[in-house]
Amino acid sequence: MAVIKVGIADSNVAKAPDSICTLGLGSCVGVTLFDDAKKIVGMVHVMLPSTELARSSSYKKAKFADSGVPELVDMLVQAGASRMRLKAKMAGGARMFSFEDSAKGIGQRNIEACKEILRKLGIPIIAEDTGGSHGRTIEAFSDTGVLEVRTVSKPVIRI
Amino acid sequence: MKDIIRDMSDFHLDVLREISNIGAGNAATALSQLLGKPVNMRVSRVIPMPFNDVTEYVGGAENLVTTVFSRIDGDITGNMLFVMGAADGGALVRHMAGDNGEGDGELSEFAQSVLQEVGNILSGSYLTALSDFTGFDLRTSVPCLCVDMAGAILSFGLMETGKSSDYAILIDAEILPGGNDQNGDVQSSSGHIFLLPDPESFHRIFFALGVHRYGSN
């Protein structure tokens, strides 16, 4: 099986038996969408909450929550997943530096924006490991849908 | 479509490299005085690179690093980061204070404040040189320390840039706080001083230096 890597502001899809991962999420949020019947999982590494923040007319959709998550849904449907069966898990959105205002920090805004777009798309969030003040590496397994979260100083968790 | 960062001219990259030389040279001198031993500045690199290359550049997204982060405010805005390998942070504290301050693998409060102060002195002296050179009024925020995965830290520093571009210009100077040991061998510990101006600040830098009309830019 292969491990498909997703970079910053990027997205991709993995089919069984492959897994998909993104390394070193800080204030960025990793959203995974899983179709358990087809055993297909997709992942997007969201950097910023909204395309309204874009100062350029051409941008990577995966960079923003409100364009990246819908694009990932399209990619999954293209790969054979059913839109109706998709379930979401997410991780990241940390506050890496103490000077960021905790209420309005970019990590928190990323989490909220991902939840908002998933709600609009009618995709339930069944698990999350968000917030805090530490970096995360995440790997999603296409055969089970399990999302593994690895950090520097804490035990590995599987959600 | 033209990207202000990806498509920057070689001439303007040279100008930024000069800024790095001047700023980091000043910072290395300040660090040398603080440590009471030579600090060498090895090389300045100024390269436009995609975000994922930035994390590769610092040893990969999962590489554990000690970083002191300062936000720059004033006539230009941006981020300044002093990045070391996690072990090098402890070594620096040990050299300055005779104690690496590590208990349970984590930096003590004392060690953290020593490193923050080092970051403060480095960014302050870097920006003083930049300010003398350009006439800019520049201030920095209180420095913040973070020991974590390079990807998690650097991606936060790239946030402002990400609003305008998928590329960043990392104005990087590598310094060797270890200097040369008694045998003249270069010690392995090294740090990077990164200047990451917000995209709209590049034009102000070139304007202040009178090079904004150069070539097609």
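Glycine is no exception: its Cβ is also placed from the backbone N, Cα and C atoms.
Because TrEMBL annotations are produced automatically, they should be read as predictions rather than curated entries.
What TrEMBL says about this one:
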- B:11-42: domain 'CheC-like protein' (DOMAIN)
- B:110-143: domain 'CheC-like protein' (DOMAIN)
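Taking the domain 'CheC-like protein' (B:110-143) as a whole, pLDDT averages 89 in the prediction. Here the domain 'CheC-like protein' (B:11-42) has, by DSSP, the following mix of helix, strand and coil residues: 25 helix, 3 strand, 4 coil.
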